[in-house]
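Copied from TrEMBL, the annotated features are:
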- 396-424: region 'Disordered' (REGION)
- 50-72: transmembrane segment (TRANSMEM)
- 78-96: transmembrane segment (TRANSMEM)
- 101-119: transmembrane segment (TRANSMEM)
- 139-163: transmembrane segment (TRANSMEM)
- 175-195: transmembrane segment (TRANSMEM)
- 232-254: transmembrane segment (TRANSMEM)
- 266-285: transmembrane segment (TRANSMEM)
- 305-329: transmembrane segment (TRANSMEM)
- 341-359: transmembrane segment (TRANSMEM)
- 365-386: transmembrane segment (TRANSMEM)
């Protein structure tokens, strides 16, 4: 029979999955929605989506410094529930699209998201011990990744039956879309609000994971939907989610086999996957795509199949980077994990915000791809340097222990020999 801790983890996963079944696809279509609205509503700029995401991540960057005491005061259950409500508020604001409301709810969500993830990690920890921590995080991750599939299907059906290929997204479609997003998110909030108090058990410190970079799909793909129709966004979400699930499942099933080769080969594979993806985007999409609608072509005629391959590669590489970064941080900062993860998340949120504000809607696609390609190579090199340093430190510590071991064994043998002589 399923114990209380396991059921709590499953309920946590289902609630989080439902919230992000609404929010993940929303991130992918937000800029497209706002650009369409700007064509018949002059009160909002067509690039307001980028500004919204910049505000969101800017607030989140500094909110990580304030979240721990708030979560302690409110408790994990209510912190994660309140965080979920901020996602719902943000999506509900699209029923009345105005720049000031978008920016306000973006700021609220930036803080709420930090509460959500901090509390989720805390609740996961309270329901785990040393023997179940790995299993529980795996269960949580597997359920959570279904959000990409559920959200992608939601996009598909709404766009399939309400949007004609290549047309502007109408207000009625936006209402249908955000009604679906809001319902999914509301169901998730209810599931999280009904979480039970964790039983008092011995838990281990385990940091929360953060779903990562759905925004990169939207930025890397540019305005590919203008070439293939709005339904491509749903296909992108499905392929990105499938890539994440393939990567996550591979590390879950074959994790022990990968361990003997270290983490760097996986990171190198992720960097190669990203570079391959960027190269395919380069030849497939016109360079003006992130800035404005265009009928130009790149090196080849735009290919739908190639665009979907790019989404899959982004999801696959994303799962590689996230699993290995969290793994090495947990290993190196085993006694200071809170500080280690806080620094990582601070830098991550800051760089995402900077990328949206400084070049997301201003630079041509080819320049953006060059920046991301250089970043992928530098990141892989930095990861190699960090892991090599950690391995050398571990070898030194192991050698020190080995050098002390013979003396102990020698003394033990001498004592045993004396004991035998005394017996005889």
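The chain as shown is numbered from 1 upward.
Cβ atoms are placed via backbone N, Cα and C, with glycine included.
Ranking 78-96, 101-119, 266-285, 305-329 by CB pairs under 8 A with the transmembrane segment (175-195) puts 78-96 at the top. Taking Cβ pairs closer than 8 Å, the transmembrane segment (266-285) reaches residues 220-222, 224, 227, 251, 258, 298-300, 302-303, 306-307, 309-310, 313-314, 316-317, 320-321, 323-324, 365-366, 369, 372-373, 376-377, 379-380, 383-384 in its own chain, all 6 or more past its ends. If one looks beyond the transmembrane segment (101-119) by at least 6 residues along the same chain, the residues whose Cβ comes under 8 Å of a Cβ in the stretch are 19, 34, 44, 48, 51-53, 55-60, 63-64, 66-68, 70-71, 74, 76-77, 79-80, 82-87, 89-90, 93, 208, 210.
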